[in-house]
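Colleague: Let me give you the structure first, and then I'll get to my questions.
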Amino acid sequence: MAIVLGHNQYGKAEVRMVHVDRSTPQHVLTDVNVTSQLIGHFEDTHLTGANDKVIATDTQKNTVYALARTGGITTIEEFALRLARNYVGTYEQVTGARMEIEQTFWDRITTAGGPHDHSFVKGSPEVRTTVVRKDGDTESVISGMENVVLLKSTGSEFHGFPDVPYTSLVETDDRIMATSVTARWRYDAGLDLDTAPWDHLYTSVKAVLLEQFATVHSLSLQQTLFSMGRTALELHPEIAEIRLSCPNKHHFLVDLSAWELDNPNVVFYAADRPYGLIEASILRDDAAPAGSAWEGINGFV
Ligand SMILES: O=c1[nH]c(=O)c2[nH]c(=O)[nH]c2[nH]1
């Protein structure tokens with residue numbers, strides 16, 4: 001029996017960076033959180049402490065800042081690809097890289113004179129995400145969104161579930177349905193990563209998910225979730241797979257009968273926890289295998 005080193009990766013986590021594009025009087029703000037990780041022949045540092053192959057995590061942090069300065073940030077996908085390509089193929093010991101970026105948004109402050117050129121207010125909690133994985137010449141891109149909170153005040157039912165021991169939930173044909181969507185979608189290997197319209201794809205997938213949430217008359221959150229994912233894949237052939245994680249943010253009807261008041265779906269108690277958690281992967285049955293694309297992405301199936 002021998003004890004050996006298994007898979008390993010290392011880098012700098014959560015490099016918080018704000019980039020200001022000042023090329024026009026109307027500044028463009030890009031606020032990101034970058035996690036840079038390298039994969040390769042790093043046995044020596046683990047086994048003996050010899051660091052001659054270790055590109056310091058501090059260097060990786062500086063590289064994030066430097067590449068933002070030299071090439072700007074057009075989209076988080078493009079920037080993550082540029083970071084990964086900076087290492088793989090450049091340093092012999094680096095065989096792969098994993099770049100994860102989260103982007104949050106600032107809205108322009110609207111003044112009496114219109115949208116302000118260089119003053120912003122923090123926007124919604126929405127987070128745009130990407131995970132780029134590069135193993136040698138093989139590159140994969142997963143894009144996503146988090147904290148997109150949705151609610152519909154009718155058009156949602158839930159009934160027909162089995163009355164097994166401990167069931168107390170009352171069937172309903174009209175309830176509030178609310179969730180906070182986490183979605184990640186993996187682009188098909190056939191997509192040209194150098195010309196992909198990343199902003200358009202993000203906006204379009206988000207719009208499709210919201211449209212389905214709004215328009216599907218829901219018999220379960222599971223049905224809504226599948227419909228959201230299926231429609232995204234139908235409209236976007238460049239996407240191989242989408243994974244969705246949707247907490248069921250329960251809204252319970254308050255019983256006002258003690259005060260002889262009715263409550264026809266008007267007053268709700270918005271529960272914080274526990275919450276249902278509905279998750280699924282929706283994919284093309286002929287999709288190419290995901291390879292390492294999903295490695296290290298926790299939190300849902
Ligand atoms: O849409 C729902 N799916 C469930 O699986 C479930 N379970 C539950 O208690 N309420 C709901 N709602």
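Using N, Cα and C of the backbone, Cβ positions are placed for all residues, glycine too.
Automatic, uncurated: that is what TrEMBL annotation is.
The active site, charge relay system annotation in TrEMBL covers LYS12, THR57, HIS250. Residues annotated as urate binding site in TrEMBL: THR57, ASP58, PHE158, ARG175, GLN222, ASN248. Annotation source TrEMBL lists 5-hydroxyisourate binding site at THR57, PHE158, ARG175, GLN222, ASN248. The annotation O2 binding site is assigned in TrEMBL to THR57, ASN248.
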Colleague: Is any of the recorded positions LYS12, PHE158, GLN222, HIS250 within 10 Å of THR57 (active site, charge relay system) (Cα-Cα), and if so, which, in sequence order?
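Modeller: Matched recorded positions: LYS12, sequence order.
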Colleague: Please list the recorded positions from LYS12, THR57, PHE158, ARG175 whose Cβ falls under 6 Å of any atom in ligand 1.
Modeller: PHE158
Colleague: Widest Cα span across the 5-hydroxyisourate binders THR57, PHE158, ARG175, GLN222, ASN248, in Å?
Modeller: 50
Colleague: Could you state the CA-to-CA distance between ARG175 (urate binding site) and LYS12 (active site, charge relay system) to the nearest Å?
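Modeller: A Cα-Cα distance of 45 Å.
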Colleague: Tally every other Cβ atom lying within 10 Å of the Cβ atom of GLN222 (urate binding site).
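Modeller: The answer is 15 other Cβ atoms.
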Colleague: Within 10 Å of each Cβ, count the other Cβ atoms, then let me know which of the recorded positions THR57, ASN248 comes out lowest.
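Modeller: So among THR57, ASN248, the recorded positions given, the one with the fewest Cβ atoms within 10 Å is THR57.
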Colleague: Using Cβ atoms only, which residues of the same chain lie under 8 Å from LYS12 (active site, charge relay system) while being at least 6 residues apart in sequence?
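Modeller: Looking at Cβ-Cβ distances below 8 Å from LYS12 (active site, charge relay system), excluding near sequence neighbours, one finds VAL34, THR35, SER36, THR57, ASP58, GLN60, LYS61, VAL64.
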Colleague: Taking the Cβ of HIS250 (active site, charge relay system) as the reference point, list residues of the same chain whose Cβ is under 8 angstroms away and which are at least six residues distant in sequence.
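Modeller: Correct list: ALA178, ALA271, TYR275, GLY276.
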